[in-house]
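Here is what Swiss-Prot records for this protein:
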{"type": "BINDING", "residues": "GLY81, 84-85, THR89, 91-94, 109-117, SER121", "note": "5-phospho-alpha-D-ribose 1-diphosphate binding site"}
{"type": "BINDING", "residues": "GLY81, ASN112", "note": "anthranilate 1 binding site"}
{"type": "BINDING", "residues": "SER93, GLU227", "note": "Mg(2+) 1 binding site"}
{"type": "BINDING", "residues": "ARG167", "note": "anthranilate 2 binding site"}
{"type": "BINDING", "residues": "ASP226, GLU227", "note": "Mg(2+) 2 binding site"}
Amino acid sequence: MISDLISKLQEKTDLTYDEMNQVMTDVLSGKTTDSENADFLSNLTDKGETDDELLGMLDKMQEFSLKIEPKNTGTIIDMCGTGGDKLQTFNISTTASFVVAAAGGVVAKHGNRSSSGISGSADIFEYFGYDLNLEPPKIAEILEKHNICFMFAQKFHPAMKHVSVARKQLGKRTAFNLLGPLSNPAKVKNQLVGVFSIEYLDRLPLILKRKGAQNIMTVRSDDGMDEFSTSSTNRVCVLRDDKVLMNAIDPEVVGLHKSSLTDIQIQTKEDAIESFVGVLNNTANQAMIETTALNAAGGLIVANISNNFEEAVELALNTIKDGKAFSLLEKFVQDTGDISKLKEIADG
């Protein structure tokens, strides 16, 4: 089956939803070889994925994944980027997730170790002693108690191990980079997603709309980040009430200072940890704090807590300045990890 579809892709012929869904059953069951998988993914990337193809893959990924059943009432969101911007910035969406949760949102964070950056969200949670292999019911409890949790992609998507060799061999972006952030195990209907390419800005909301999404915001900054940036204008696409709207967000217009990309870049895993804690306890540089606030603002709008960016940025900054964000981190680490690790960084 897969060899026929590889031939089709080589001829630049699009696959149907059903063809993709069927071949993904074989791929994620381990019935195909590493070289077939690499060939398939490479040719798919070269052809360019259609929405039907992406949806066929996404539905099958979710069918094969573990799930969590959140007990929280109200809007549950996720916020993350597709990664791969190679800009070596600090962990913006992870930091912003704690700000959103401290400001009254509920964030079911889904993430992984870093693929092309210095530190991924999993690296941060793990550093503070969070068990990446927690079972779904325990994670649902953590979410209910703290309004934030972390679901490790490798734990929740065990079938993805069948494509890990092929993805490493290829060493380039494939459809899975795009679909990872969309395959949240808590089945969230409200998401902020940073994208690595402008072409996906309006495509992802439309794909997620077909899956019953409610509020989706995608972002790409003009300086190349798959997150909101305070060093340039940000292109934003919003799905709300079944309508898709494009917008541009200028950081200075929403009350922030223009910064430079170098202000938020890091070089080591230690830098990543220190930046994460530094923002939440309000000791990091202005650019890191304001970049986090702008990304948290996107999350607060998606979570139906704020109506516009000006209001949301102010709420995010106040949540950091009045100590609520750091207080949540302390309680979270006390409950799920090793508080001495946090004290060491915070007091350092």
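Glycine too: its Cβ is placed from the backbone N, Cα and C atoms.
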Cβ neighbours of ASP226 (Mg(2+) 2 binding site) where a neighbour is any other Cβ within 10 Å: 26
From binding-site residues ASN112, ARG167, ASP226, GLU227, the one whose Cα lies nearest SER93 (5-phospho-alpha-D-ribose 1-diphosphate binding site): GLU227
Cα distance (Å, whole number) from ARG167 (anthranilate 2 binding site) to GLU227 (Mg(2+) 1 binding site): 24
Top Cα neighbour of ASN112 (anthranilate 1 binding site) in the set of binding-site residues GLY81, THR89, ARG167, ASP226: GLY81
Most crowded position, judged by CB atoms within 10 A, among ARG113, ARG167 as binding-site residues: ARG167
Which of SER93, HIS110, ASN112, GLU227, all binding-site residues, has a Cβ with the fewest other Cβ atoms inside 10 Å: ASN112
Around the Cβ of GLY81 (5-phospho-alpha-D-ribose 1-diphosphate binding site), the count of other Cβ atoms that are within 10 Å: 24
DSSP state at SER93 (5-phospho-alpha-D-ribose 1-diphosphate binding site), helix/strand/coil: helix
Cα-proximity to ASP226 (Mg(2+) 2 binding site), 10 Å cut-off, over binding-site residues GLY81, HIS110, ARG113, ARG167: GLY81
Separation of alpha carbons, the residue listed as 'anthranilate 2 binding site' and THR89 (5-phospho-alpha-D-ribose 1-diphosphate binding site) (Å): 23
